[in-house]
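**Q** Take this structure, written in structure tokens, and hold onto it; I'll ask about it next.
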Amino acid sequence: MNPYILTILLFTLGLGTTITFASSHWLLAWMGLEINTLAILPLMCQCHHPRAVEATTKYFLTQATAAAVLLFATITNAWVTGQWNLELMSEPLSTALITLALALKIGLAPLHAWMPEVLQGLDLTTGLILSTWQKLAPFCLLLQICPSNTTLLLVLGTASTLVGGWGGLNQNQLRKVLAYSSIAHLGWMVLVIQFFPPLTLMTLLLYFIMTFSLFISFKVNNATNINSLSTSWSKTPIISSLLPLILLSLGGLPPLSGFTPKWLILQELTKQELIPLAFLAALSALFSLYFYLRISYAVTLTMTPNILMSTLPWRLSSYQHTLPLALASSLTIWLLPLTPAVIALFTF
């Protein structure tokens, strides 16, 4: 893609999110979401592959449906209450419809079916943007309307944690595994969004760091399925050594960074006397941990089948910038001892 066009698209992508962040009017927030959606569509289909075009079409139709429901709900709320302010939602039906529309935009279960299929058709860089940056604007709106619909958010969060853990068990494609991992982590965030919003923001930030590390690791190895990871040790041994730690951090094992948000969320759910939901969330984390361990096994404990006449993979020098990967991997693995400082930062 032409670098000038790419710069304009990335600037527009950031502009749409910023407009949604800064808006207190529903129409302005809706406009920011639409700008954000339209800016990412050319990035999704830039490789001109039929699968990328199909993924772009599915994403556009899904986001257009969510935007239509969101606009209808905001107009209904303005018709009933006479105001367009984001923080003064008093009409229950409109609030529920807006919550469902935002859940469809970020891929919460049971409105998640588009997420694995769309992510499977994209390259890893665009998939990283879709899994991280595109979640910011809808989450900003959810944070502002979350006190109005407690039960709906709990149902969406519980369903997402279970579906995200269960759906990734039989997947061989890494991008689908990452999609179900995104659904599961979003479920953890939605479970606690109404009780402790700063904890949701901290979980979102840590999820972004861990997902960035994982996407860049797969991109350096040029891996799109689990079987292709068996050759990563001969090409990038250092990254292959770090990859299981990144995966286990996503799974939430101590003493890695990913343990922090899950531990605090379970503690908060227990304080709110939601013991069954905390139990289901912990159980779903075991499902997710299984497919993270499966990928770790493929990276570290398997070798590609070779015969005497086969050619070994070359260990060529990588031309990709690995400094962001080094920083993100360090935060993914070693951030747990800084938990008190991180909590103090987000609760200030």
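Start at 1 and count along the chain as shown; that gives each residue its number.
Each residue, glycine too, has its Cβ placed from N, Cα and C.
Please treat TrEMBL annotations as automatic predictions, because they have not gone through curation.
Sharing the features that TrEMBL gives for it:
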type     : residues : note
DOMAIN   : 23-287   : domain 'NADH:quinone oxidoreductase/Mrp antiporter transmembrane'
TRANSMEM : 60-80    : transmembrane segment
TRANSMEM : 92-115   : transmembrane segment
TRANSMEM : 177-196  : transmembrane segment
TRANSMEM : 202-221  : transmembrane segment
TRANSMEM : 233-254  : transmembrane segment
TRANSMEM : 274-293  : transmembrane segment
DOMAIN   : 289-342  : domain 'NADH dehydrogenase subunit 2 C-terminal'
TRANSMEM : 325-346  : transmembrane segment
**Q** Please tell me whether the transmembrane segment (325-346) and the transmembrane segment (60-80) touch - that is, whether there are at least 3 C-beta pairs under 8 Å between them, with each pair 6 or more apart in sequence.
**A** no
**Q** Looking at the domain 'NADH dehydrogenase subunit 2 C-terminal' (289-342) alone, can you tell me the average pLDDT?
**A** 71
